[in-house]
Structures are given as structure tokens and as C-alpha cells.
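Reading through the C-alpha cells given below for one structure.
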């Protein structure tokens, strides 16, 4: 530490530059011992960083509840129109899609590559890799609604329907939990439907190596065969760097298998670059079996991962991609 009376002028090589800068700032702002304040601020940052990383993922839940509040307000304001209109929720969907699309652009510089592979009309089954938090799919649904004017139905886990307050959100955005016959009916009606075969298990267990956790699930393939629709593979680059899960530990895996509820804590919320890639559609083939189609689809999703994702994923690299 140098004396404040010591000159910080030109030629004083013995005086460290940063110390001189601190003393100048102390004089400008009239604050004594600025260096101590800065050291204390640095200490607070070190202490609270882990807490911030654990809290940030729940900001997404906060945004979902804001969306739900908006939908309730919208419903009350349009209660009389409901009896006369079959498109009561179109205005709400457009508003919510615009807000989520804006969040995607600002926080993640979100992009979709291969949007032309989504049909303008007619059915298709979208199969996607499930991140720790599927925020990429929320963004993707917003893009589909804005650019295609279509609502993409999605199969959600049973526990999602038990979350307090979520029923209206799930209803407005056409989420369902099955069964297989319902999925086939939706596709035969000409709608888009999305399924993540890995589901919550993949969200919890997969990690920065982006291993696909589908087990022996092939029900989605049977749905595509029964409905005679193409399958479109989908993967979002850096989704595991945006949010990370501790669900791969033995305790949290046991808890999930026992109670079928994701108890594992998450951390992240980093503003990494997110790019969703849509692969070439896998056309309907009446000669293929569900097992063969499931394996073919898994290979297609894996090909997207191999082509577009750095393995293992790196949070800092994903952040720097925002500037590329």
C-alpha cells in the first residue's frame, strides 16, 4: 500500500497503476478506502455466485407463471367472446409467442435452422432431445406459431399436469400426456405433434456428453406408423450448457425412479447461444417395424448432435458463440 501523498505522476514506475487508479477514484467520489470496498464486493460475489446459479433456472418457472397470469387475465376479459368464437385463444397465443420469442432473441440469440422442413399444413411428428429444462422447445413453439401460424401439440410428463396453476397453460398450448391412441388421433387430424422419447429421465440423467437416454421406448414410432406421418428429428445446440441438472447422481436417480418426480436441483440460466436444428424428415414406410423406425430416428437425432454439438459441452465456449 502506498501513501496517498505519494505522487502518481509520470515517471513514478514504482507506484502500481491500479493503486494509483484506486486513489484517483477515491478523490473523485469522496470515498475513503475504496480498495477495501472493492475487495468486499469481490468477496460477496464469490459467496453468492453458487446461490445465483441455483436460483436462475427458477426464473424460467417465474416466466411460465407470468404467462399463466396473463392467460387468466385474457380469459376473464374475453369471457363473452368464448361463446361466439372458436379462436378465443389465438390472440393470447400470438402475444405469448411474441414475448417468448423476444426473450429467446435477447437472452440466447436463438435461431432455428431447417424451418422449411416443417410443413405449412398437414401432420408431422417431431422427435427432440430433452434438455435439463426444455426451454428450447418453448422457443421453438413460439417460432412455429409466429412463422407458420401453427400450434405444435406436445406430449408432456404426467407430473407437469400436477404442478399448481399449470392446467390453463397446458390447455391453451395443447399439451397432453397421451395415450398412444390420442396421439394418433391428433396426427390424423392434420396437426403437428412433438414427443421427446427420453422425457424427464433424459432431462435428469443426460449431461454435457449429450447421451441419448431413450431406453427401449418405441411407442412414438408406433404412433408415426399408425398415423402414417413423417418423423422430423430435432436437436438444440448448447441446451445442456444453458441449464445443468444434478439428476445423474445415484440419490436423485433413485428418487426419480421411486416417485417419478424430478427432485434433482438444477443450476444455470446462462445466456449461451442456442440453435435448433431440424433434420431431414423420415418418410412414412408401411414396411418398417416400430423397433426399426425408433432406431432410425435415434440415429437421426444422434447425427444432429454429432454434427452440431461440441462434446463434451463447455459453458464458456457456448457463451462465446454469442459473438460469432
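Just so you know, glycine gets a Cβ as well, placed from its N, Cα and C.
Given the structure is predicted, the values throughout are model-derived calculations rather than measurements.
What Swiss-Prot records for 130 is active site, and it gives experimental evidence as the kind of evidence. The N-linked glycosylation site annotation in Swiss-Prot covers 5 and is backed by experimental evidence. Residues or ranges marked as topological domain 'Lumenal' by Swiss-Prot: 1-50, 147-324. For 72-125, the entry in Swiss-Prot reads topological domain 'Cytoplasmic', with the evidence type a curator's inference. Annotation source Swiss-Prot lists transmembrane segment at 51-71, 126-146, citing sequence analysis.
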In terms of DSSP three-state secondary structure, what is the assignment for residue 130 (active site)? coil
Counting across all protein chains, other CB atoms within 10 angstroms of the CB of the residue listed as 'active site' number 25
Mean pLDDT across the topological domain 'Cytoplasmic' (72-125), rounded to an integer, is what? 83
